[in-house]
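Here's what TrEMBL has on this protein:
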- Gly16, Ala17, Gly18, Lys19, Thr20, Val21, Arg122: ATP binding site (BINDING)
- Thr20: Mg(2+) binding site (BINDING)
- Asp38, Arg62, Gly84, Arg141: substrate binding site (BINDING)
Amino acid sequence: MKGRLKRHIVLIGMMGAGKTVIGTELARRLHVGFTDSDVEIESAAAMSISEIFARDGEAFFRDRETQVLARLLKGTPGVISTGGGAWMRAENRELISAQALSIWLNCDLETLWHRVRQRQTRPLLQTSNPKAVLTELLAARNPVYALAEMSFPSQSGETVEAATSRLLEAIRKTQPDLLEMK
Ligand SMILES: Nc1ncnc2c1ncn2[C@@H]1O[C@H](COP(=O)(O)OP(=O)(O)O)[C@@H](O)[C@H]1O
Ligand SMILES: O=C(O)C1=C[C@@H](OP(=O)(O)O)[C@@H](O)[C@H](O)C1
Ligand SMILES: [Mg+2]
């Protein structure tokens with residue numbers, strides 16, 4: 001069975017909210033394609049996100065991010081996971097809102113910190129006080145994330161599978177015309 005979406009589903013939210021893992025699982029359940037803007041940027045550059053930040057800087061990365069999003073949004077509707085900063089750029093919000101249902105994976109600070117603290121893959125958190133940076137970024141970004149079309153609250157302790165089931169249920173309920181199965 002192949003699923004069909006009327007528009008893309010774009011996951012937004014903070015580092016560690018689960019955009020990559022939940023997006024992967026959501027696409028699998030819906031039988032639609034999955035892409036992650038970070039992965040697309042890394043493969044085009046043949047470098048990791050950390051290497052891109054170190055060599056070319058954040059501004060360069062943000063421009064690549066906008067290019068990748070514009071390209072992905074032109075494709076067959078599927079699930080697209082963004083990086084945590086993508087929704088901060090007005091141009092990206094406009095691109096996404098024109099072609100997609102945007103969903104904010106809304107997650108509290110302690111849960112985010114628990115999930116990201118062991119990982120070395122996020123250059124913005126490679127500082128002497130990563131929790132302070134995460135706290136500040138979250139406070140600055142939450143009002144902008146709240147502009148997403150739909151908000152999905154994370155429940156700490158929930159498995160990725162259970163969270164995806166709950167998300168799918170919420171999408172079916174609020175967006176009955178988005179999903180077509182054939
Ligand atoms: N309920 C949950 N929802 C999302 N992620 C979860 C959950 N429980 C545990 N995790 C873990 O949290 C991490 C989320 O990371 P990731 O998907 O890379 O987030 P993002 O792409 O938003 O930065 C993963 O290691 C995932 O296994
Ligand atoms: O929040 C951000 O600004 C970033 C989040 C990362 O993606 P995840 O949110 O998937 O970790 C990645 O795009 C980059 O490290 C910058
Ligand atoms: Mg991710």
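Backbone N, Cα and C define each Cβ position, glycine as well.
The most densely surrounded of the binding-site residues Asp38, Arg141, judged by C-beta neighbours within 10 angstroms, is Asp38. Checking the binding-site residues Gly18, Asp38, Arg62, Gly84, Arg122, Arg141 for a CB within less than 6 Å of any atom of ligand 2 leaves Asp38, Gly84, Arg122, listed in sequence order. Arg141 (substrate binding site) and Gly18 (ATP binding site) are 16 Å apart (CA-CA, integer value). Sorting the binding-site residues Lys19, Arg62, Arg122 by the number of other Cβ atoms within 10 Å puts Lys19 first.
Checked against ligand 1, the binding-site residues Gly16, Val21, Arg62 give Gly16, Val21 as the ones with a Cβ under 6 Å from it, listed in sequence order. Look at the Cβ of each of the binding-site residues Ala17, Val21 and count the other Cβ atoms within 10 Å; the largest number goes with Ala17.
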